[in-house]
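Student: One structure is given below, represented as structure tokens, and several questions about it will come after.
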Amino acid sequence: MDVQSAYHEESTRLKETLEEVRQQLAGIGPRYYGNDFVEQLLDAKREESRERLQLLEIEPYFGRLDFHEKGKDGAAPLYIGKRGMEKKETGQPYIIDWRAPVASLFYSFTGGDEPVEYEAPEGIVGGEIHLKRNLSIREQVLQRVVDSYVRGGDNLGLSDEFLLYRLGEKKDNRLRDIVSTIQAEQDQIIRAPRARALIIQGAAGSGKTTVALHRLAFLLYQYQDQVRADRMIIFAPNTMFLDYISGVLPELGVGNVRQTTFTDWALELLGDEVRLAEDDQEGKRWFSLEAARPEEGEWTSGRYKGSMVFKELLAGWLREYEQFYLPELDFEPWEGGHLPYRTLREWFEVEYRPYPLAARRDRLVARLNRWLEMELGKIADPKKRKERSKTGKQRLRTFLKKLPEVTALQLYRRFFGVEASPVAAAEGIPQTIAEQTKAGLKKGVVRQEDLAALCWIHRQIHAAEGRMLDHIVVDEAQDISPLQVELYKSFMNEPSFTILGDLAQGIHAYRGIHRWEELSELFKPEQTSYHELKQSYRSTLEIIEFANTILPYTDTGLPAAQPVFRSGEPVEVVRCAGTDERDQRVRSYIEEQVAGGMRTVAVICRTDEECRSVHGMLEREGVEVSLILEGQQAYKGGVSVVPVYMAKGLEFDAVLLPDVDEGRYTASPADAKLLYVGCTRALHRLTLLHIGEASPLLG
Ligand SMILES: Nc1ncnc2c1ncn2[C@@H]1O[C@H](COP(=O)(O)OP(=O)(O)OP(=O)(O)O)[C@@H](O)[C@H]1O
């Protein structure tokens, strides 16, 4: 079929579809606002349908697959959309949800005339593909029809055309869904079984974040009876990144999934008791040029406090503390009254043993109160009872002081020896780490690196409290610690994780993992699987090849990222005679890129100070530009100046690195990772400037 007839055919089908959607929408009826519970439930269902149809009304589908199922007559066209619908009159599928089993063929099929199959709930279904067609519909208008496979046709390289068209688009300030162009290797991850910890090492721009979000949408569809959106969490590195990805799930019709940072989540779990030190800023501490760089093999406090070694120490100390928690004392409410230690021990050590420490203490206190009331009840003389009640209650208050309330922070303080305790402070913590932590605790504050341990203690002493979770996504997982994952595990009956990251972008190696085994070892072998995504979709061929030359300096041994064949302008590296020329080049770069239609442009500097200086210069020249620093809540798009450690996870149409000199990017793996992150943020254009000698990482 020629292009024109295909376009005509699809226009007709689109018209029909839109008419069907409109009719179904019109048939839904008005909303119900009354108090009847059954009506309310029905209304919620109608509302769901309305939302689904409204989504379909804008872009009903993006693909068509003509599939000839074995044993059936001829090939039937399947239209695949972000949501599914049936034809009202016949009840037959009219648009197939992209997550449905049969839709997997659309993604896994990469050409060839061989038979294909997919896994349906009823078993394996086989057949042949006759046509794979990509359809681009915007605001109800058919814009493009691209056949990536026609049975019997020559099918030369067409499969990439639609993907390239999508990758060539300019980006705004939000990550988008990719349902129409999910690639086979990505689809495998999206559709992987739920009950395991999936660990994914993916090259920069390989779609990790995007794939994780699509996987959530898939799990909600596939395991409707087992998972709920409000029992899923996405952990991402910072609030601005969360803002950047916040559009994807709603586009996929998924609401109610909590998207948060570990710090926010941990502080909420721990309550008001825990306060972070105000100077706990990573930019200053680790990314200034003066920042201390840990030696290879040396424990940094973040690595240590996130390690399983530290967890074991905590666990051992906590066991001992629990053992000595109950003081060896009888309780005497008044002269002659007596509750022996033996009985108290029986309650605490035997009866309440199965409960976590906080609950054991609560129960003991409640029992003591009850015991006192009962003893008082036995006294017949009202005057005497009143007198004893007063003394008894006073003595009980004094006694309870020896059973201090247990909170995570209090225990942590005792563990570090900041507060007296029946069990001595733990030994074996590297001295500087112990001293630094104690100094903070004495001032009443902790650092972010303490949060995982505090939350872990909290779980140990409260256990069953809090909701269990169905699935957790950990993005940028190279930056998290084993203890964090151990903690997340305690919120699940069986592990169900999507853990994604890139060790080559491990710029927080002072607190993050250095090998994926550090996380996979936390699961039983049959509970975990490891995948690699090597293909990179974000950047042009030139940018990926350029970034690949930096990769070996990161010392991660990771393979080069593979580009899709999308060619653009060469990467420019320009030596400037001095700051005047550099500033002039930064300004003209921004001007040119904006004039050339780039919607997001970033000047990515090595440090906060450098960013402030470039931003100040641009503002003085009247350039409209946002300065992004640590703690930024939202990403607005347009032109930004951002330190490289904050740019991780984001992407921009055009990127300029203005300070790639030998002093700012040395030949160390830490700097190589920073430069790799900086370069891989660019989709279409990348330019690097330096004054004096260029960084040795540029070969
Ligand atoms: N199959 C695809 N079709 C179209 N675009 C895609 C596809 N896969 C990824 N992309 C695009 O590639 C870009 C990178 O995706 P994403 O940010 O999810 O990658 P990442 O692996 O998390 O990157 P990084 O580790 O560098 O932050 C995004 O613009 C995304 O839309």
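Even glycines carry a Cβ here, placed using N, Cα and C.
Keep in mind the model is a prediction, meaning the values are calculated, not measured.
As listed in TrEMBL for this protein:
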DOMAIN    181-540  domain 'UvrD-like helicase ATP-binding'
BINDING   G202, A203, A204, G205, S206, G207, K208, T209  ATP binding site
Student: Which residues in the same chain, at least 6 apart in sequence, have a Cβ under 8 Å from the Cβ of G207 (ATP binding site)?
Tutor: I178, Q183, Q186, L533, Y537
Student: List, in sequence order, the residues of the same chain other than G202, A203, A204, G205, S206, G207, K208, T209 whose Cβ lies within 8 Å of the centroid of the Cβ atoms of the recorded ATP site.
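Tutor: The answer, listed by sequence position, is D502, L533, S536, Y537, R538.
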Student: Between the binding-site residues A203, A204, whose Cβ has more other Cβ atoms within 10 Å than any of the rest?
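Tutor: For the binding-site residues A203, A204, the Cβ with the most other Cβ atoms within 10 Å is A203.
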Student: For T209 (ATP binding site), list the number of other Cβ atoms lying within 10 Å of its Cβ atom.
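Tutor: A 10 Å sphere around the Cβ of T209 (ATP binding site) contains 22 other Cβ atoms.
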Student: Which three-state DSSP class does G207 (ATP binding site) fall into?
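Tutor: Once the DSSP labels are grouped into three classes, G207 (ATP binding site) ends up as coil.
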Student: Would you report the average pLDDT that the model assigns to the domain 'UvrD-like helicase ATP-binding' (181-540)?
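Tutor: That stretch averages a pLDDT of 92.
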Student: CB neighbours of G202 (ATP binding site) within 10 A?
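Tutor: The answer is 25.
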Student: With Cβ-Cβ distance below 8 Å and at least 6 positions apart along the chain, what are the contacts of K208 (ATP binding site)? List them in sequence order.
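Tutor: Non-local contacts for K208 (ATP binding site): I200, G202, D475, L500, G501, D502, L533.
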Student: Let me know how many other Cβ atoms fall within 10 Å of the Cβ of G205 (ATP binding site).
Tutor: 26
Student: Once the chains shown are all counted, how many other Cβ atoms turn up within 10 Å of the Cβ of S206 (ATP binding site)?
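Tutor: There are 25 of them.
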Student: Using DSSP and three states only, what is G202 (ATP binding site)?
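Tutor: Looking at the DSSP assignment, G202 (ATP binding site) belongs to a strand.
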